[in-house]
Amino acid sequence: MIIHVEENYEAMSKKAALIVASQVVSNPAGVLGLATGSTPAGMYKELVDLFKEGIIDFSQITTFNLDEYYGLPKTNESSYYTYMMENLFNHINVPLERVHIPNGMAEDVEKECLAYEEKIRNAGGIDLQILGIGANGHIGFNEPDHKLSMKTHLVELTEKTIQDNSRFFQKEEDVPTKALSMGIGTILGAKKIILMANGKNKAEAIKEMTNGYLNPMVPASMIQAHPDVILIIDKEAASLL
């Protein structure tokens with residue numbers, strides 16, 4: 001694992017964007033695994049700027065998002081589909097038929113999860129996976145548990161995650177209690193992983209995920225088993241290392 005400690009959120013975002021841009025330039029028909037939330041938003045802004053400057057071209061890129069809320073229509077302003085459209089896809093030239101986000105309104109959830117895994121396999125696997133990390137150590141929506149799911153699955157969100165995500169909704173009661181998420185095995189199947197974190201509220205999770213122990217109660221710690229991981233964090237998130 002390579003660890004980059006940056007001065008602040010802006011520097012962290014720029015660093016991550018440059019690594020993603022390099023990946024796109026070197027493999028213009030590659031597959032990106034994408035994350036949502038407040039952490040990668042700055043990186044997406046940087047990528048949009050690089051696209052507008054003519055430095056990168058997304059026309060052959062394929063994308064797979066980590067997760068989506070279950071029971072939330074994609075047209076909902078708090079859906080991850082809406083997030084991705086507003087923060088990235090509306091501003092670059094990736095063909096929407098190459099964009100994949102789990103269908104949170106699927107009637108047959110098991111079928112949707114199996115189909116998502118198959119789409120990833122048919123695309124040749126994920127070349128670069130972007131991750132954030134929850135304050136409780138979750139990645140995607142893989143919550144702390146004694147037994148982690150390996151493949152895309154339906155997950156019950158913890159009270160901590162629901163509270164943390166309530167800032168994206170008008171009321172905490174509006175936050176979905178379930179989500180579809182890539183599993184730990186799906187994430188570890190990516191050829192390269194970038195995990196980003198900023199802020200003091202992520203410092204404990206960063207300490208726990210880099211201590212050398214693979215602990216299912218800290219799902220992010222599992223990426224220590226991956227041969228090509230880049231951790232990009234700001235000074236506050238690195239404060240307990």
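Cβ atoms here come from the backbone N, Cα and C positions, even for glycine.
D67 (active site, proton acceptor): 22 other CB atoms within 10 A of its CB, across all protein chains. Annotation source Swiss-Prot lists active site, proton acceptor at D67 (among others).
Sequence annotations record features per position, and here Swiss-Prot assigns active site, for ring-opening step to N136 (among others). Neighbour density for N136 (active site, for ring-opening step): within 10 A of its CB lie 19 other CB atoms from the protein chains shown.
Per Swiss-Prot, the feature active site, proton acceptor maps to H138 (among others). H138 (active site, proton acceptor): 24 other CB atoms within 10 A of its CB, across all protein chains.
Under the heading active site, for ring-opening step, Swiss-Prot lists E143 (among others), citing sequence analysis as support. E143 (active site, for ring-opening step) counts 23 other C-beta atoms within 10 Å of its own C-beta, drawing on all protein chains shown.
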